[in-house]
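Inspection log for the structure reproduced underneath, given as structure tokens.
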């Protein structure tokens, strides 16, 4: 028997959750207009598909796909309204802005798939061209054009408006812009309409309607049915060329890339942050596009030990917030880890003494019993130096071996070469002291030769 949860909330199905969110959007009066246009779009699409079947025109079918794309754009606008109503949750900490990016990407990709389907059908029609009936061809063209333009100009679709301006221009826009410059040179008043570049959706609606009008005229005059297939190919290519830059732009946003036009500004802001008071280093910076017009980023800032963390955080956020709306800053102070070196007695066979002299070093004693020959050591309470690496003979208590060899000179000076047999158990003398003590360290990676001397030659 499983555990019985008396007060457990019932789990809603997927359609139940979808209906609840739809009611949330429908409660806003701004969405009523979109819902009304959606219903009209469904009616117009139904009539256009019936006229496409009666006329047997594939060009009208390709133009009808633009009306279906308008339905997708209306759904994207509803999703945009829903995103503004929802707040970030623990699961979706950045909010739901990427959902409208996904909606734009899906709409443009579906429009391109429809264009590819038209190209495939047109290739088959070139082999066997059917007869085209022009009874409803011109009527369907004007109905579709009127509804598309009315929808585009009446409803402010924020996601598609942003993408159409931010994405690169299509080849249709570039050719129309070249013609518009020549026309505006003759009639300057048209520059506000055609320049700098036209709305891509309005442009493709006008270009598709123009192609259908030419098709109607040529079929009525010469019964040239192949022009319908050629017009369908032209509309499909214009649709693909218009939607492709938008799908590329929205796809880059989904891949969390940094927009190229803000890279220079971000580099400038990072340089300004690195020059702030207390900041030592700015690293691991990562910025990406969260949604249309919003950037997110994270950065690590290393500061001095005596710097104020809250003050530096406020300055860094103030500098980067001009471009990055959602920012995560991790500040950590400069705290170097100082390794402690330990000294232990070393066996007699650790070092290989072959044809060399060991540099004599004094014995390190405690602070109570100092040797006047040695330098004054640091206080026991003071920490090691800032950078204390594993350097041979540094910060290590040496192992001292007493030197008992009798020297032949009476001035206390030790000259000549020390026998190899006594090297392991005797130290070396310090000039001017006589029988003193020598030093060796317990490191195996020291050089095999510190200094050489000619045998029998006295040192100065």
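Glycine residues also receive a Cβ, built from the backbone N, Cα and C atoms like all the rest.
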Segment assigned the feature transmembrane segment in TrEMBL (from 96-117, 162-183):
96-117
Using TrEMBL as the reference, determine which range in 32-51, 252-271 is annotated transmembrane segment.
32-51
Listed range which TrEMBL flags as transmembrane segment, given the options 118-136, 137-155, 289-307:
137-155
Under a Cβ pair cut-off of under 8 Å, which of the recorded stretches 137-155, 201-219, 225-244 contacts the transmembrane segment (96-117) most often?
225-244
